[in-house]
Amino acid sequence: MMVRVMRYKKVPVKKIVNKIIDECDVILLVLDARDPEMTRNRELEKKIKAKGKKLIYVLNKADLVPKDILEKWKEVFGENTVFVSAKRRLGTKILREMIKQSLKEMGKKEGKVGIVGYPNVGKSSIINALTGKRKALTGSVAGLTKGEQWVRLTKNIKLMDTPGVLEMRDEDDLVISGALRLEKVENPIPPALKILSRINNFDNSIIKEYFGVDYEEVDEELLKKIGNKRSYLTKGGEVDLVRTAKTIIKEYQDGKLNYYKVDLKKYGQDRERDISFITKYLKDFPFIEDAKMIVTHLKDFDGLYKKIKKPVLGSEEIDGNIVVVSFGEKTKDACRKKVENLCRERNIEVLSKFGDKIGANNIYVAVGKRVKE
């Protein structure tokens with residue numbers, strides 16, 4: 001018996017875009033709220049308006065941007081602008097109502113809605129948030145959504161998803177926006193420097209606080225400092241600039257690094273603060289100033305090997321030193337970030353630090369002194 005397998009038919013992007021403009025009544029242009037200008041397509045906007053279609057600007061990832069900045073963007077894009085966070089399901093109700101209102105203004109009880117935008121701005125995630133179901137394929141890799149798909153918003157309103165709309169322009173911007181897959185980029189250093197330069201121009205304190213480095217210029221020397229801070233070294237002991245650059249791009253795309261300061265007090269809000277079950281093993285430990293020796297010492301205790309249910313982040317004063325511990329995060333790098341942010345929050349000068357794994361738990365320890373203001 002022969003089984004027929006249904007496969008997605010790859011449809012040219014331009015053909016799908018033209019189909020959206022021709023067939024849909026309302027078109028959602030999805031932009032990255034962190035940098036809307038970089039992710040907009042003015043040529044497409046003009047074409048949509050020339051066809052007499054309703055255009056709604058959807059600024060996704062708005063939860064990463066301060067409210068006063070969003071208000072400035074609304075002045076730029078006008079009243080047909082909606083701020084959403086598809087990931088957190090924020091603003092989607094307002095978007096649904098704006099779609100219905102747009103159709104009503106057109107005198108239509110039924111209608112079709114098209115969604116366009118660059119890869120990784122969140123088109124498919126917005127569809128999922130609007131419909132309440134995972135009806136469209138989603139992913140962080142550029143070009144995952146394939147072909148043409150219709151999904152139902154209401155009984156009378158349908159949405160059509162589309163692959164990212166690409167135009168020939170600066171290759172660095174294509175890398176930054178996610179339109180070009182990072183693993184295929186031969187030289188990630190220029191786009192990484194472009195991200196750092198934009199952030200530096202917006203607020204030059206953000207890079208210093210996020211990476212914990214001092215710098216004068218945005219150049220390869222800054223990349224070296226960041227790479228050294230992250231311990232991204234080659235076998236020869238040199239800073240791995242390619243890995244450093246790719247990390248900067250990835251963390252920007254993931255929303256970890258952006259134009260706006262993170263509230264450090266909120267960074268560890270879901271973490272237990274009681275680390276006494278760890279520090280009890282450090283009483284009378286003679287090398288408390290050495291973070292690496294602390295971690296090595298803790299490996300001797302079986303009670304720390306079982307996977308904990310909830311990550312822990314906290315600090316404790318031992319023999320005149322402040323010991324900061326992050327324990328149980330998904331990665332060692334996540335532990336490191338928690339520790340560094342807590343040290344900044346509590347004004348602790350770090351003298352030694354080290355991360356490793358104890359059984360099923362990642363751990364990162366920093367030892368320092370509290371700086372008097």
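From the backbone N, Cα and C atoms, a Cβ is placed for every residue, glycine too.
Per Swiss-Prot, domain 'CP-type G' is recorded for 14-168, and the stated evidence type is sequence analysis. As annotated by Swiss-Prot, GTP binding site applies to GLY117, TYR118, PRO119, ASN120, VAL121, GLY122, LYS123, SER124.
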### Cβ atoms near GLY117 (GTP binding site) (within 10 Å, other residues, all chains)
25
### Query
Hey, what's the Cβ neighbour count for PRO119 (GTP binding site) at 10 Å?
25
### Message
On the three-state reduction of DSSP, what should I expect for TYR118 (GTP binding site)?
### Response
coil
### Task
For ASN120 (GTP binding site), list the number of other Cβ atoms lying within 10 Å of its Cβ atom.
24
### Query
Highest CB neighbour count within 10 A among the binding-site residues VAL121, SER124?
VAL121
### Query
Other than its own, how many Cβ atoms are within 10 Å of the Cβ belonging to GLY122 (GTP binding site)?
25
### Query
What mean pLDDT score does the domain 'CP-type G' (14-168) have in the model?
82
### Query
Which three-state DSSP class does SER124 (GTP binding site) fall into?
helix
